[in-house]
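Okay, structure first, notes after.
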Amino acid sequence: MLAPIQTIARPVSSILPATGALAAKRTFFAPSEVYNKKQVIVTKKTGLDILNDPKLNKGSAFTADEKDRLGIRGLVPPRPQSLEAQYKRCKTNLDKISDPLEKFIYLNHLQNRNETLYYKMILENFVELAPIIYTPVVGEACQKFHKIFTQTRGMYFSTADRGQMSAVAANWPYDDVDVIVVTDGSRILGLGDLGAGGMQIPIGKLTLYVCGGGINPRNVLPIVLDVGTNNKELLNDPLYLGMQHPRLQGEEFHAFVDEWVSAITDRFPKAVIQFEDFMMPNALDLLLKYKDQICMFNDDIQSTGAITLASVLATMRARGGTFADIKKETFLCLGAGSSGVGVCETIVDCIVAEGATREEAYAQFYMFDHKGLLGKGRDDLLPSQQVFMRKEIEGGKTPAELLKKIKPTCLLGLSTCPKLFNKEMLSYVASYCEKPGIFPLSNPTSRSECTAEEAVEFTDGNLIFASGSPFDPVEWKGKTIQTNQCNNSYSFPGIGLGLVSSRATRVPFETFQVCARVIASLGTPEMLATGKIFPDLDNLRAVSLEVGIEVAKMAERMNIATQFPPKGMDWREWLKHNMWQPEYPHIVVKNL
């Protein structure tokens, strides 16, 4: 059984700075909270090559000495400016843009020009800009990727590269890669097959790794596996940038991924690999195939499971109970894809850890897909879905037909179908359950099973609400009902920080249980009383640090860690030391 949560994490009030610049400005980073160390980058680049490298470029911030040493005197304006002055200029320009996608494009151009300034911008304004750089705006950016594309980022491995993937992997110019996020573009958010346009998802996820987990942006790599697309619109669009043929399937697909995994792990043997937005059953098949071979995990199945489990456990606390009360819950899950199955399996693991048998845990779930209940007579289910089949109830029945029989206490929405949590369902659940968990998790916002306003109105304010996309708090009958974003950004950055800092050799399932329990423990009684179960997203670095510490300790306990804190440091000090800060490095030119 996992350690009681009180022993493995501290409440949010004890991990967030209470005074100083961070408390006043509510940004992600404060010098007093980290071990500041001047970054040094050794390069053989000079002149325009420096200015054209977003990892080295400082724009107008190069000093006179740097201009001489780097051969850029006369190539930039003469008076050097600080990073702070550059940030203020860019923020002023960004604020003039009203359209969310245009804001995304502006930030994309900034990232491709000056990464340090880009991350300074995001970190200073995370709550404002997180919906721009990731959900919901990133969904539109993926759909229009081939229309707004201006500059490449990351790597593409296509069907044209079969038999040559090791050579392709060698083309990446940096030897040190800590985190890779890879997608095949087959199931982008709730938008379906977007092919090569899915590249915006790994780019966005890695921005969150940097901002939330403090991973060095020089050491991240977004990748698309372009195995074709079944999207007819893209197949017929002359501007589409990916391979215009139907997707590889079956053995051909798995042979392609096998070659890529071999090539990429040979090139970057220490990298954590996050699989992202692969359709079922490929997502689960790849997870089961590689989980014990390399340091990898599936974000949709496992990270989503971790943060949803954290939401459920925090709901137990908000009701005045303990984590063990999860054994009494009844779950109605709409959606049986990779995310739906992954979420429910993670919750099952927790129920078992609290003392139930696995069969007893599965019996707490009623899962539905587009054909209705996973029940008796359904012979179309994948093995991963069959364990959730209700053998005593005829398959295909709708949630409305079974609602009064099930009497759920927690609603899980992973269907990508809006408005499925309707008035009848929400009002009925709230009529017999104190603070039912209402979790419409589908992204983007347009696919959410209900809005926060609908959930509050139809439950008369009796609920704990957590959604995949952000919703504002709701004013209801003279009080403010807090909303929560049940977003993977609370989980995977801290997981990555712990795995990278310990150089773990694999990612056991226990990782996500530890993560969930840490996050669920962070809400204070005062927060929980208002319906708020998570710290604000602008405190993500503090949350990620707590998660990372426990993940690193778990790796050490399980003998999968290969790197440890230096003598005189504990894990907390070591992880703080490792967290990257947006400050300009000292650039040393050397013939390598």
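Note: Cβ is positioned from N, Cα and C throughout, glycine not excepted.
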Additional site residue, Asp237, Asp258, Asp300 [criterion: listed by Swiss-Prot with Glu276, Asp277 for divalent metal cation]: Asp300
Distance check against Val182 (NADP(+) binding site) for the recorded positions Tyr134, Asp300, Asn443, keeping those with Cα within 10 Å: none
Among Arg187, Lys205, the one of these recorded positions whose Cβ has the fewest neighbouring Cβ atoms within 10 Å: Arg187
Cβ-based isolation winner (fewest other Cβ atoms within 10 Å) among the binding-site residues Gln200, Asn443: Asn443
From Leu194, Gln200, Glu276, Asp277: binding-site residues whose CA lies within 10 A of Arg187 (NAD(+) binding site): Leu194, Glu276, Asp277
Other C-beta atoms that fall within 10 angstroms of the C-beta of Asp300 (NAD(+) binding site): 29
